[in-house]
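What Swiss-Prot says about this one:
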- 1-22: region 'Disordered' (REGION)
- 8-18: compositional bias 'Low complexity' (COMPBIAS)
- G135, T136, H137, G138, K139, T140, T141: ATP binding site (BINDING)
Amino acid sequence: MIKQTHVSNSSNNSTNSTAAQVPEMRRVKRIHFVGIGGAGMGGIAEVLLNEGYQISGSDIGENQVVKRLRALGATIVIGHQAENVVQASVIVVSTAINSENPELVKAKELRIPVVRRAEMLAELMRFRHGIAIAGTHGKTTTTSLIASIFAQGKLDPTFVIGGLLNSAGTNARLGSSRYLVAEADESDASFLHLQPMVSVITNIDADHMETYQGDFEKLKDTYIEFLHNLPFYGLAVVCIDNPVVRELLPRISRQVITYGFSKDADVRAVNYQQNGAVSHFTVEVEGQEPLEMSVNLPGQHNVLNALAGVAVAKDEGVNDEAICKALTEFEGIGRRFEKLTDFSTAAGDMVLVDDYGHHPSEVKATILAMRQGWPDKRLVMVFQPHRYSRTRDLYEDFVEVLSEVDCLFLLDVYAAGETPISSADSKSLARSIRLRGQIEPVYVSDVDKLPQLLATQLQDNDMVITQGAGSIGAVARNLADHSLLHTRCSVQPDAQSEVKGDK
């Protein structure tokens, strides 16, 4: 298990681990992050800070990532202003930052190098044994599991994760070993910058298709290119249960280990059972004794994520005892099927869960896990669609999967910088689900009214889940932190959008 460490604001942080600095970055003194509050950006910033670099950054608002980095010694300002970058050696930008941002404009004027997040991650990985986890779904969970298994196996990895690893209290840490475990982002094809020693592909699904000009074949080609960034002695660990991954196997010219429930998987799960939030299964590997395991995560999709961790760990020589212990004691990740609270109302006792899944496949997996683990509970979902383009492109899939819950509340689309698209909004989605005839969805035009609307629908023994990748995480926290039925909940607007009422 990765333990939490004390975070303090110390002037010694800037000289904390200079021996671990990237050798060829010796001329770099101050690294400035534009959009430092994002999980991926903040994670890389934390590792670089602990390597001894001066870190500064800017974002549009305070969050836990910003507060943590400040406590570690980073200089962070709220708001994007040209003067923020004047003393920087290099600028790191997230994909959410557009070219007209005043800090980018000033950096180009001063000829300060501007790199994307993945390029900086690639530099961290260059002189380490990199393990990069790619795929449409499950990257954060799989990365967290691998980091936890390696830590339990005394390998002390550096890790950069797109979510909060609960046992560590952070999403990034500088380890003492040669291992670096990190997510590889396909959303903008920036994972092609990475040159790891081991690459994992959890699955391939249609998402972020604007990056690939709407061409699924181009998306598949890009995954093959990612795998072929491995050296000839590298290893591809891939989920053979995913039909697209299976289709691509003949095109992979690197050593491959497959995993899954399929009979022909190299690392195979059998005898799957789910008991509440715990999944039990047996791992079979040819030539080895079967290994009974439990992972503190619900659902078959999470067993697949665990299998990826088992496959990578076994290849790196982690013993079975450490693997089993890490999975059994795994404390989860923030916003990945995270139980927030048990609560009581006039209607009875209930539980509140929060989940990041925002693609129809992810929502479907969550619903299945809940049905299997808690078959006696009614499922009440509060869903916030993420991006108008995704809602448009996967509209019928959303209608189908969201119709499978018992009670549905739909918040307005989280735009993430996009312009609204006609008939790809939550009101249209609610109308289509209603016409399907399975459930009667509730469109929530004013998020402040959500507690009162929930109160009219809740029943004893319900399981309430807040689902989505946008500002709904703040809604979930407010519901958990206050009385669900008597306290108004609000959402802090992000840089791109606000949740607006229909008045």
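Cβ coordinates come from backbone N, Cα and C, glycine included.
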Cβ atoms near K139 (ATP binding site) (within 10 Å, other residues, all chains): 26
Cβ-Cβ distance under 8 Å to T136 (ATP binding site), same chain, at least six residues away: E186, T202, N203, I204, D205, A206, D207, H359, S361
Cβ-Cβ neighbours of T140 (ATP binding site) (radius 10 Å): 24
Cβ contacts of H137 (ATP binding site) (under 8 Å, same chain, 6 or more positions away): T202, N203, D205, H301, G357, H359, S361, E362, A365
Near-site residues: ATP, ref G135, T136, H137, G138, K139, T140, T141, CB cutoff 8 A to centroid: I133, T142, T202, N203, N305
